[in-house]
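Trainee: For reference, TrEMBL lists these features for the protein:
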DOMAIN    1-72  domain 'MIB/HERC2'
DOMAIN    78-130  domain 'ZZ-type'
DOMAIN    141-219  domain 'MIB/HERC2'
REGION    421-455  region 'Disordered'
COMPBIAS  423-435  compositional bias 'Low complexity'
COMPBIAS  436-449  compositional bias 'Basic and acidic residues'
REPEAT    508-540  repeat 'ANK'
REPEAT    541-573  repeat 'ANK'
REPEAT    574-606  repeat 'ANK'
REPEAT    675-697  repeat 'ANK'
REPEAT    710-742  repeat 'ANK'
REGION    814-845  region 'Disordered'
COMPBIAS  828-845  compositional bias 'Low complexity'
DOMAIN    905-940  domain 'RING-type'
DOMAIN    990-1023  domain 'RING-type'
Amino acid sequence: METGSRVVRGPDWKWTNQDGGEGHVGTVVVVGKTGSVSSPDKTVVVQWDGGTRTNYRCGYQGAFDLCLFDNGPVGIIHNNVSCNECKKQSIEGMRWECADCVNYNLCTSCYMGDKHSLEHGFNRIEARGKPGVYVGRRLGKCKVEAKGIFCGAQVTRGPDWDWGNQDGGEGSVGQVVEVRGWETESFQSVACVMWKPTSTNVYRVGHKGKVDLICLREGSGGFYYKNHLPKLGQKPESLIIPSTSSAASATGAVDHSMNFEVGERVRVLLDVTTLKDIQEGHGGWNDKMEEVIGLVGTVHRITERGDVRVQYPGFANRWTFHPASLTKVEEFHINDKVRIMKDQPLLKKLQVGHGEWTDSMAVALGKVGKVLKIYSDGDIRVSVADHVWTFNSAVLVKEASAATSEPQSTSQRGQVEFQGILQSSSSSTSSSASQQHDHDNLTAEERRQSQQLQTEIDQSLRSLLDHLRINSSTDIGSMIISEAGQGNVERLKELFHAHPDKVDVVRSDKTALQIASHQGLTAVVELLIQLGADVNLQDPEGDTALHYAAFGNQPTTAAALLKGGADGNRLNKNKCSPLHVAVNKGFTDVVKTFLSCSCNVNAQDSYGDTVLHDAIAKDFADIVELLINFRGIDLSIKNKRGFNCLHHASLKGNARAASLIIQKSPDLMGAVKDDGFSALHLASLNGHYDVVKCLVQARSLFDINLRNGRQQTPLLLAVDKRHVKIAKLLLENGANVNAQDDVGDSPLHVVVMYHSLKFGGNNAPKKELPLSDPTFGITKLLVEHGADMTLENKHRKTPVQLCRDPRLREILLPEGAAQEDATRKKSQSSNGASPCASSSSSSGVSMETGIKCRVCDLPANAIFSPCGHVVACMDCAPMLKKCFRCKAAVESFAKVQQEAESVECVVCSDEPPSVKFEPCGHMIVCEGCATRMKKCLKCKGVIERKISSGQNAPAQPVELSENDEKYLETLQSLLSLQAHVREIEDANMCAICLEKPRNMAFLCGHGTCVECATSLEVCPMCRKPITKKITLFN
């Protein structure tokens, strides 16, 4: 077992859906060790792709909770063995060898993808050097789909994230586009993620045992044969070291057939010269290797060549050794027969710090002794040659006879240990410390001293034996925590009988009750409660045993704690109750347990969120329904940002929650935040159509035209963000199409101004937006529902005046023609100009082709009097009081007579004119004659472009009046300035409350406000521990 291995649930799985469900994949991040409280030997901690992290059995108590899905991420590769199907060189991860064909191998992908004959049996080879394990045929066997961080998955930051804001910031979501290896170190161990909009990077998913991502929506990793995967931790076979008979025979160190396994304890017992020779071609020699000769190390891994990589405690480097240079370190027990090393110089060196060397030890070299005591640091008390000394375990070799001796009972081991302690402390001479049943080998004086000592302790032995058996060389607190974590009730009873005051003992900041609660060991919890354990004791984070039960998804244990007097409403340092924890984790059964005991559902955490706020944000539908229907819940409670639960549901787009809340508390429909935003405002602004639909169905309970602090209606907000479907839904349900905000802008103003700023102007590059842009759909929708084109805002601007795009004008003007015509007639009447007078005043004047109206871009056909200029059409002329060209006052206007259109080319007179010149707009020649023309024959203007009949010219921005153009430029500058100010505010605002300025910094470079920093132990941005908080002064 190594960190980085990818795993799935195994045959002994009993933890419901902690992993996310059958087929969900996780990563081993911690491998258990002997003596560890949180992760004992034969257990691992798994970080599931879905976010859950907890420990599982891998041989512990004989159970196997996990199967190995892929060991490629730990660097396993079969060099020079290619897949016969995909032809991939050097198979990564497990290799599958056909048992019916000669030398036919598949990689895991091809094997699970049903390549080669399904009727053939296969051998599974986990790593190079391991023998194959026959798994049988695939035909008819059950397959399970692998789910997790695979291609197509949506992911966000995970527990080991250490990449700043590379993803765009906290809460950003990315998509996995590829899962691949990291160079040649590991395989299928990193995920390539594309963050919005275009940032792409690779992140660890098993590489070096780290997991940078968690999965929001899993991707598919294909299907796998569950029963063909190895049980994680099961060792039916060992890593086989290639034959090294020549080296072994040369050194006499070890038998060449010796097998090594990862985690085994080994040592080098060769002299420097021999070791140098044997290392050639097997990792080489380094002078620092001499420092570890004789020391006990742990096998870290077996290399592809069969060499052994060893890690030594206290040394940063791992050394690679020829397997023949290593000797396994035996496990010693009381009364074992052991032989002391003969090499005196080496023994002297190894004894430093381990009992030291005395010259009298020379008589023990090469002799057999008996183990009296094993110390916690690994040193061993041995009786040899009528003396008792403490030896480094590295200088001892277990005699073969020891392996066949009967194991001692617990009481026997305790008595011998007890005697060993007395012997080591009762006399300054080692001869007085020999064991009682060795008296035949002692001198008379030594026998007399030993008998006297035995007489003195005989009476107290019975009363102290049990106590010393338990506590002779081990920290009792650690033993209690360890036994509690393993669920050993009877052993705990023995310990507490001897140490009743240790029921609340703390190790690594945790009590036995907290450990047992997290693991769901209800029998242990009940025992501890009976013995008087403090059920409300809090760890440094403020978590109680009930918090731990909630974290571990242990409803039965939580019920036992509540029955035993645990406070279900106790808050930790983040002001989270156990119910907060259960809701955030999505553990429905635990939530039900807390609700059945009437825990406070209205408690607020450090952000002011209730449990319902959290359930809505996480979209846990079952929990949301449980909470809303729970008696006594207050749905009107606001968090620190002013959101009640309906506001929160609208903000997050949780339509189901919004519907349930409205049914229970319909009066919340009209509730607004401090800025005037209602639930409908929030849903419309954020584009949550289903929530808007849910809210408008109950429109009889509130005003659909409710205004916020800036006098904006939900329709104005939907139009501002160009949510077409929501705008249509609001209009169909009675929204005021002409509602104006605090600066007088109507929805039509908003959509036209946005489009004009995007379309181009004097200070912006021209950019033709496609007709599929939401602007066109919203404009048409507003016009169809009676939007007023003549409505002026507080700057006396109408939507038409601010429209640059002629295509948008085509949508606006037909609806406004009748209104403008009425305005024109009224203007003519007020100016005293009758149609007859106008007609007579324009006699003899013809309309010059190509002149466009300066307002609407249609052909100009109105002549102003008295200046005589033609700069506007008859529809727009009534709106103008001064001539665009000369700025003279317009007293009257009249329609200009149109010049007869040319019916033939003015050059050849054979073909009709078919080419239009730009920018003048004249069409006077055919396509053949237009080829060589540089200037228009009619106006003498330079031809910039020639457009054939039927060829559409690109839409050109309408030339607005100088005043309107300046207005749009000012508006664009204002919007740009506002965006810049928001960026500055965001950069200096607390990222937690988003209200107060950031005036507290951490050493990692991030910061918050003083109030939010008070309860923080870990940076909310980078998750690094906060070691120092620095106040910032402006």
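Heads up, the Cβ atoms here are built off N, Cα and C, so glycines get one too.
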Trainee: If you average pLDDT over the repeat 'ANK' (574-606), what do you get?
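Mentor: Averaging the confidence scores along the repeat 'ANK' (574-606) gives 92.
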Trainee: Checking distant contacts: for the repeat 'ANK' (508-540), what same-chain residues at least six beyond its ends satisfy Cβ-Cβ under 8 A?
Mentor: 37-38, 480-481, 483-485, 487, 489, 492-493, 496, 500, 546, 548-549, 551-554, 556-558, 560-561, 564-567, 570, 572
Trainee: The repeat 'ANK' (675-697): which same-chain residues, six or more beyond its ends, come within Cβ distance under 8 Å?
Mentor: 642, 646-647, 649-655, 658-659, 662, 668-669, 704, 706-710, 712, 714-715, 717-718, 720-721, 723, 725-726, 729-730, 733
Trainee: Tally the residues of the domain 'MIB/HERC2' (1-72) by DSSP class, grouping H, G and I as helix, E and B as strand, and everything else as coil.
Mentor: 4 helix, 29 strand, 39 coil
Trainee: I need to check the long-range neighbours of the repeat 'ANK' (541-573): which residues 6 or more away from its ends have a CB within less than 8 Å of a CB in the stretch?
Mentor: 15-16, 18, 54, 511, 513-522, 525-526, 529, 535, 579, 581-582, 585, 587, 589-590, 592-594, 597, 599-600, 603, 605, 1015, 1017
Trainee: DSSP says what for the domain 'MIB/HERC2' (141-219): how many helix, strand, coil residues?
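Mentor: When I sort the residues of the domain 'MIB/HERC2' (141-219) into the three classes, I find 3 helix, 42 strand, 34 coil.
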